[in-house]
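Database features, via Swiss-Prot:
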type     : residues                                 : note
ACT_SITE : E332                                     : active site, proton acceptor
ACT_SITE : H333                                     : active site, proton acceptor
BINDING  : Y134, Q196, N219                         : NAD(+) binding site
BINDING  : S242, Q264, H267, H333, D366, E420, H425 : substrate binding site
BINDING  : Q264, H267, D366, H425                   : Zn(2+) binding site
Amino acid sequence: MSERKQILNCIDDPQQALIMLKRISARTSLEVQENAISSVQNILTEVKQLGDEALFRLTEKFDGFIPKPLEITPEQTLEAWEKTPTPLQEALQLAKNRIEAFHKYQIPKDFLKEGIHGELLGKNWSPVEKAGIYIPGGRAAYPSTVLMNAVPALVAGVNEIIMVSPAGPNGQLNRTVLAAAYIAGIKKIFRIGGAQAIGALSYGTQTIPRVDVISGPGNLYVTLAKKLVYGQVGIDSLAGPSEVLIIADHSADVEQVATDLLAQAEHDPLAASILLTTESNLAKKINLEIENQLKDHPRSAICRKSLKDWGLIVICKDIKSCAALSNSFAPEHLELLIEKPFEFISQIKNAGAIFLGEWSPEATGDYLAGPNHTLPTSGTARFSSALSVETFMKSTSIINFNQAALNKTSAAIMELANSEGLHSHSRSIEIRRSKPSSDD
């Protein structure tokens, strides 16, 4: 096989595989972030101090136009929907309906339980008042991201959703993105992007309201801005470049595996496409099939860059070894193209989303399966989850002790308070337990 056709590096050493997977996971290095973080901080400070004036200046600097007016009118949003072809309207509506139906299962329930001494203990859930959603834009269009961010907020009961998205070269937002916003019921839309948009949502400007939670993916500057404003507002996650890991055995279809790897690679030169397989012959065929598909691929250059830099095939001794490597990488998307995928789920501990079998390519989840496509990246699936209804909600603990419950537990509470040297904590219990019982 020629070097040209070995577009994906193929290895069979498990230790080398671990090293390479770690390198891929860390592809947005701390050094790169440190180089950008001072610029992001300056942008945020300017927006905080100058508001709309900063947004106009920064957008002219980075995007080449002054976004006056900032806000998209309801008439423009309606017009975008009406000019959307009927098949695409129907696809957007179907996606919205399925995402909404799935996320309704996630609505957390309030509860109030009686403790052993008659005390009442519980938890109440409530939505945030305002949510900001960031939709990547410019030369690209992601209507699915509008639905995946807005619908969970709607299901949560958020009162007001504010959408920001960078305009294209003509200063306009993509029509399909606006159409998605229309069916999601978003009333406030602003044609602003980058770190300055995150600053506007965090601090508020003369035109853009301050929000309580910000969700949505973006480039490095957007991600760093979200990181810096966290604490001022809530955020969904710090999204990195997208990734797929496919586990395939003898039953996998070569064309399907190759296409699914390319479906990830076409996103971005930093996207990672990884195949773990027990079949060395499959690995060879995959490289050939990828080369064949790239001959007329419209994003061939991006795919080649992505696969060359961040693609990998690992030949594993058995399926259990595949699971171990996958868990160490904690992929954003995990496809199980194996004979009995359901029997394998128990071995998977770390993954943003799992796609089981040949009829469940990642694209089903990207668009309209129902579960959210905003998933943890860069190994963060070890400890974090997909965007959900709870992203836009917060819980409040409910505590109602009666006199008997306080008296029964007072000695232990005072002991703990005194151990921490907190006199008034202890006294707040003592003065109550010495009070005559209401039964006396």
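Residue numbering: from 1, along the chain as shown.
In case you wondered, yes, glycine gets a Cβ from its N, Cα and C as well.
Sequence features, as recorded in Swiss-Prot, placed on the structure.
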residue	record	DSSP (3 states)
Q196	NAD(+) binding site	helix
N219	NAD(+) binding site	coil
S242	substrate binding site	coil
Q264	substrate binding site	helix
E332	active site, proton acceptor	coil
D366	substrate binding site	helix
E420	substrate binding site	coil
H425	substrate binding site	helix
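Sitting within 8 Å of the Cβ centre of Y134, Q196, N219, and not among those site residues for NAD(+), are the Cβ atoms of P136, V164, P166, G193, G194, A195, A197, I198, G218, Y221, V222, A225.
Between the candidate recorded positions, H267, H333, H425, the densest Cβ environment within 10 Å is the one around H333. Spacing of E332 (active site, proton acceptor) relative to H425 (substrate binding site) is 46 Å (Cα to Cα, whole number). Proximity to H333 (active site, proton acceptor), defined by a C-alpha to C-alpha distance within 10 angstroms, is shown by the following binding-site residues from Q196, S242, E420: S242.
D366 (substrate binding site) and Y134 (NAD(+) binding site) have their C-alpha atoms 17 Å apart, to the nearest angstrom. The distance from the Cα of S242 (substrate binding site) to the Cα of Y134 (NAD(+) binding site) comes to 17 Å. Rounded to a whole number, the C-alpha distance linking E420 (substrate binding site) with N219 (NAD(+) binding site) is 46 angstrom. Most Cβ neighbours within 10 Å, among the recorded positions E332, D366, E420: E332 holds that distinction in the structure as shown. Around the Cβ of Q196 (NAD(+) binding site), 28 further Cβ atoms fall within 10 Å across all displayed protein chains. The binding-site residues under consideration are S242, Q264. Their Cβ neighbour counts within 10 Å are lowest for S242.
If you take the C-beta of Y134 (NAD(+) binding site) and look for same-chain residues 6 or more apart in sequence within under 8 angstroms, you find N149, V164, S165, G193, A197, I198, L201, I214, S215, G216, P217, G218, V222. Residues near N219 (NAD(+) binding site) in space but far in sequence (CB under 8 A, at least 6 apart, same chain), listed by position: P136, G194. Cα distances from Q196 (NAD(+) binding site) to the binding-site residues Q264, H267, H425 are smallest for H267.
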